[in-house]
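Colleague: Got a structure here, written out as structure tokens. Questions coming.
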Amino acid sequence: MSKSKDDAPHELESQFILRLPPEYASTVRRAVQSGHVNLKDRLSIELHPDGRHGIVRVDRVPLAAKLVDLPRVMESLKTIDKKTFYKTADVCQMLVSTVDGDLYPPVEEPVATADPKASKKKDKDKEKKFVWNHGITLPLKNVRKRRFRKTAKKKYIESPDVEKEVKRLLSTDAEAVSTRWEIIAEDETKETENQGLDISSPGMSGHRQGHDSLEHDELREIFNDLSSSSEDEDETQHQDEEDINIIDTEEDLERQLQDKLNESDEQHQENEGTNQLVMGIQKQIDNMKGKLQETQDRAKRQEDLIMKVENLALKNRFQAVLDELKQKEDREKEQLSSLQEELESLLEK
């Protein structure tokens with residue numbers, strides 16, 4: 001059939017959600033599902049003239065009801081064959097019924113006020129009493145406050161001092177006979193920063209030179225002691241022989257000092273190498289401890305899982321995995337013990 005132009009559009013039904021206490025809700029649900037003809041006798045809704053309060057009777061038991069506005073609009077659908085759904089209404093209100101409520105609440109008489117702002121504010125406060133902050137499901141608790149928060153307004157900050165300073169600068173620029181400007185490139189700033197960093201390097205070199213000078217002073221003292229002792233022993237000999245002996249002792253001392261310096265450098269390098277080895281082995285030990293702890297935790301979880309499983313085939317499979325974890329744990333323990341022995345041997349040296 002073709003729809004004629006004169007046909008009026010289908011109007012949606014007017015619907016709302018009825019929320020009852022649990023014991024009464026189960027009674028109404030069973031009555032609706034059973035399809036009783038006398039459902040009107042068992043359930044009745046009566047609204048007061050204010051349109052917000054009313055009485056809901058379930059099996060002749062009166063319940064106080066209040067009509068509230070939901071935070072959002074929901075669509076109500078119906079179906080005949082459970083395959084195709086048709087929209088029947090937009091639901092935006094809910095009738096909340098309680099046992100301990102007031103069946104006949106006092107009616108608020110309107111007070112005539114000359115100020116329109118005051119009356120407007122009073123109407124707004126009255127509407128807030130019938131605003132429902134929650135949704136229909138539990139995750140939508142306080143949804144009105146969470147999703148409809150008031151946005152922060154940008155406040156205009158008055159700064160008369162800044163405006164006066166800007167005006168003064170503009171007036172001085174206009175009165176100036178000539179102007180001069182200077183451009184500072186980024187490369188120059190980087191060079192100055194590098195120079196500031198290079199200034200600290202002479203201090204480091206001076207520290208090293210001071211350390212070397214202390215070593216040379218000690219060597220000079222040793223040299224002076226040895227030379228003085230050699231002079232005391234050779235007092236009876238001739239002056240020429242003394243000069244020759246002094247020259248020989250100086251050369252020998254220089255060789256000895258050079259050998260000592262070389263030995264100290266080699267010892268320092270060996271110590272540095274040993275420290276690096278110790279740090280590397282310590283790092284390996286820490287990593288191995290972490291792996292061992294992780295393997296032990298996995299084995300513990302596997303044991304708990306085997307205790308809970310009743311299927312024999314599944315339990316055998318889990319047991320095979322547990323055996324592999326135990327073998328892995330033994331290997332990691334051996335590696336950890338070997339690393340600890342190696343570390344102890346290095347520390348003893």
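Yeah, the Cβs are placed from backbone N, Cα and C, and that goes for glycine too.
Feature annotation from Swiss-Prot assigns coiled coil to 244-349; the stated evidence is sequence analysis. Marked as compositional bias 'Acidic residues' by Swiss-Prot: 230-247. Taken from Swiss-Prot, the feature phosphoserine covers S171, S200, S201, S213, S264. Annotation comment: Swiss-Prot describes 107-126, 185-212, 227-247 as region 'Disordered'.
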Colleague: Enter the number of other CB atoms within 10 angstroms of the CB of S171 (phosphoserine).
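Modeller: Excluding its own Cβ, the number within 10 Å is 10.
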Colleague: What is the average pLDDT across the coiled coil (244-349)?
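Modeller: Summarising the coiled coil (244-349) by its mean pLDDT gives 79.
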